[in-house]
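Quick look at what Swiss-Prot lists:
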- 141-156: compositional bias 'Basic and acidic residues' (COMPBIAS)
- 217-239: compositional bias 'Basic and acidic residues' (COMPBIAS)
- 295-316: compositional bias 'Basic and acidic residues' (COMPBIAS)
- Cys47-Cys80: disulfide bond (DISULFID)
- 52-272: domain 'Cupin type-1 1' (DOMAIN)
- 333-482: domain 'Cupin type-1 2' (DOMAIN)
- 23-96: region 'IgE-binding epitope' (REGION)
- 97-172: region 'IgE-binding epitope with a very strong IgE-binding activity' (REGION)
- 123-156: region 'Disordered' (REGION)
- 173-248: region 'IgE-binding epitope' (REGION)
- 210-241: region 'Disordered' (REGION)
- 249-320: region 'IgE-binding epitope' (REGION)
- 295-320: region 'Disordered' (REGION)
- 347-387: region 'IgE-binding epitope with a strong IgE-binding activity' (REGION)
- 407-457: region 'IgE-binding epitope' (REGION)
- 440-476: region 'IgE-binding epitope' (REGION)
- 475-511: region 'IgE-binding epitope' (REGION)
- 1-22: signal peptide (SIGNAL)
- Arg163: site 'Critical for IgE-binding' (SITE)
Amino acid sequence: MSTKLILSFSLCLMVLSCSAQAAQLWPWRKGQDSRPHHGHQQFQQQCDIQRLTASEPSRRVRSEAGVTEIWDHNTPEFRCTGFVAVRYVIQPGGLLLPSYSNAPYITFVEQGRGVQGVVIPGCPETFQSDSEYPQSQRGQHSRESESQESSRGDQHQKIFRVREGDVIPSPAGVVQWTHNDGDQDLISVTLLDANSFHNQLDENVRSFFLAGQSQQGREERRSQQQTREEGGDRQSRESDDVEALIGANILSGFQDEILHELFRDVDRETISKLRGENDQRGFIVQAQDLKLRVPEDSEEGYERQRGDRKRDERGSGRSNGLEQAFCNLKFRQNVNRPSHADVFNPRAGRINTVNSNNLPILEFLQLSAQHVVLYKNAIIGPRWNLNAHSALYVTRGEGRVQVVGDEGKSVFDDNVQRGQILVVPQGFAVVVKAGRQGLEWVELKNNDNAITSPIAGRTSVLRAIPVEVLANSYDISTEEAYKLKNGRQEVEVFRPFQSRYEKEEEKERERFSIV
């Protein structure tokens with residue numbers, strides 16, 4: 001009897017141990033956190049939104065090889081949704097230094113191409129380069145370790161190619177860096193979710209850099225202190241937020257002796273540079289001789305499979321599968337490919353969606369994105385988000401947007417253009433009409449499977465309601481209710497209304513094009 005009890009107790013301990021390892025290796029898991037969602041508690045009184053604004057960045061922080069642009073997230077819509085928006089402009093050859101945040105985020109590449117690195121705690125270094133270093137740069141290693149190092153080359157975690165139209169997610173606390181190896185500026189916009197349950201701090205988003213230093217950041221801190229002394233509450237709060245987003249080199253706070261003891265093979269000068277002393281380059285620096293071997297799309301799957309086989313050959317059969325599940329996650333999905341459109345109307349435009357179905361990591365981050373392309377004068381909506389807030393970032397063209405809130409009043413009715421962000425809270429109905437040059441935008445949302453409900457069209461809510469119910473709801477005849485219900489046969493994206501003259505003109509053009 002005692003033997004059975006001991007065996008049962010041992011099995012329970014083993015299960016608990018494996019569960020703890022899984023939780024430790026995968027801290028971004030989707031879960032219903034037991035603690036109250038601090039964002040909803042603190043911001044619910046700030047969601048009484050009477051007016052929305054389409055805004056551009058309010059702060060610019062210059063670095064040696066680029067600019068960091070920050071939106072004012074103290075406006076009612078930003079505070080309500082918990083969104084924080086940042087745009088990075090990296091010049092050719094520029095390197096956005098390694099950093100992490102206390103909140104998950106999703107990035108959209110608006111322009112250019114580059115290389116992205118992701119560092120996941122506990123995952124192996126499955127990538128290697130052909131770089132060779134002289135012995136003096138390797139430190140005092142044994143001959144055996146030197147021979148192993150020279151045979152392997154430089155090893156590191158995964159890197160991948162990024163280009164225009166890519167959506168790149170990042171969990172809280174995971175280090176990422178970006179290098180522009182193209183011939184034009186690499187521009188990306190990032191949306192951080194301060195209300196995420198992954199953020200264990202307050203409603204502020206913080207950036208933590210592993211290198212560099214920002215002279216402008218020091219100036220912001222001095223300006224912040226002066227603002228506090230002058231009693232400017234809003235300006236002081238905005239300065240606090242900007243300082244947190246600009247971040248600082250976390251190594252600069254450690255003493256030289258501690259760092260020298262940790263990194264024993266480096267000299268005092270290197271320790272000083274680790275701490276960013278006298279470094280005025282900012283957090284986007286000009287990289288020197290940065291040659292990275294990046295697998296192209298067709299190679300990435302092969303490299304991943306080869307890495308799995310190598311680990312199996314080294315005896316990784318003892319693995320419980322956690323490494324394969326977590327370390328091989330995909331961190332990129334392109335939403336700018338017409339052939340992958342989820343909704344397409346040849347006369348109106350298209351919608352591409354990236355969510356947890358085609359990018360599984362988004363399930364754990366509770367984020368997703370849509371890329372919408374509208375042709376000349378085309379219309380989308382009215383529609384609303386059932387389970388998410390959204391931030392619309394305009395990438396091309398111009399158009400008119402109308403948003404209606406819960407009081408049945410318009411909270412936004414204006415034109416939008418490239419570079420602007422419009423935050424739309426959950427449930428607010430939106431209609432967008434493109435201008436003469438068309439309109440393109442990306443919608444970043446705080447749900448991994450955000451659902452929209454259109455009011456018009458073949459998949460609309462009105463289409464799903466019986467004609468008699470519509471007739472009584474709007475006090476109209478059943479004939480008019482039928483027309484209302486079935487007037488549009490398109491799905492979500494609608495071609496513009498055409499007069500009889502315009503229709504005849506279009507038919508004439510089609511006839512000549514066929515001839």
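Just so you know, glycine gets a Cβ as well, placed from its N, Cα and C.
Ranking the disulfide-bonded residues Cys47, Cys80 by how many other Cβ atoms lie within 10 angstroms of each Cβ puts Cys47 at the bottom. In this structure, the CA atom of Arg163 (site 'Critical for IgE-binding') is 32 Å away from the CA atom of Cys80 (disulfide bond).
Counting residue by residue with DSSP, the region 'IgE-binding epitope with a strong IgE-binding activity' (347-387) contains 4 helix, 20 strand, 17 coil.
Per-residue confidence over the domain 'Cupin type-1 2' (333-482) averages out at a pLDDT of 96. DSSP gives Cys47 (disulfide bond) a coil state; it is part of no helix or strand.
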